[in-house]
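Can you keep this structure in mind? I'll have questions shortly.
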């Protein structure tokens, strides 16, 4: 594995006031040697293959099966598409880092990866909120479900999620470009995050800190509050059902979504908290960032495949045909 370089070429902007590195250096997992990094690449590649096949299978099954063209499954297809792109943005570069020790990532490429990671995460948060709303209407107002969540409404929600993720996070690369980077150029993760790049600057980062906190609270923070409120109403409606069997059946339709919400939000909240506490990036930061980005694309298709009868039967049918 290539050893960490101590010096990185820098590029001054035309007016000579800003200094940008030609590239950043990715560390991977701090404290682990080249041999351990090498062996970590194999489970990482397995996770990427699992995430790609699982999410692609869900998208194709929902596309082919017309009876699955319902709001719950259409939102699931959106979620799988986002996870598919997110895993492709992060995992291949990580695998190259671990396998071949290529630590360099070009400055603008790093900013592009950072934007995609944060924007896709915001889109995933919006889709999880839409899925919570779908479960709320289906359980609390079942007779109005078909009239409230029509096909056009689902499309509009998808476009709104895409637009919001793009608009809110589009300024991030530009407010990072306005900074000078005259300290170390080593990014202590396996990918580029706004918080991590910001810490490498020797300029005033007040704008970055304030805007970063604003979008986290106004996007993921608001989404999580509405998801929590939706489940309070769902739980209240379920507890009012006279039959215990009906209550369990109604709440069972939410289990997959609850797992997806916990897998997404618990690492996100933990990562935000440890970054806000300040101090140098530690192994805890890195582990939580990896869990936050790598776990949902792998876990979501497994959970939904296991809990959704229609998808499970279709996958079983495809596997049985493939074995013949």
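From the backbone N, Cα and C atoms, a Cβ is placed for every residue, glycine too.
Curation plays no part in TrEMBL annotations; they are all automatic predictions.
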Would you please say which range out of 9-32, 153-176 has the annotation transmembrane segment in TrEMBL?
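It is 153-176 that TrEMBL annotates as transmembrane segment.
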In TrEMBL, which of 186-208, 255-277 is labelled transmembrane segment?
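Within the set 186-208, 255-277, TrEMBL attaches transmembrane segment to 255-277.
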Test the contact criterion for the transmembrane segment (255-277) and the transmembrane segment (36-61): 3 or more CB pairs under 8 Å, pairs 6 or more apart in sequence, then answer yes or no.
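Judged by the Cβ rule, the two regions do not touch, with the required three close pairs absent.
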Under an 8 Å Cβ to Cβ limit, what residues of the same chain, 6 or more beyond the ends of the transmembrane segment (153-176), are close to it?
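Distal contacts: 71, 74-75, 78, 111-112, 114-115, 118-123, 126-127, 130, 194, 197-198, 201, 207-208, 211-212, 215, 218-219.
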The transmembrane segment (111-133): which same-chain residues, six or more beyond its ends, come within Cβ distance under 8 Å?
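Distal contacts: 72, 75-76, 78-79, 82-83, 85-86, 89-90, 93, 105, 157-158, 160-162, 164-166, 168-170, 172-173, 176-177, 191-194, 197, 215, 219-220, 223-224, 226-227, 230-231, 257, 260-261, 264, 268, 293, 296.
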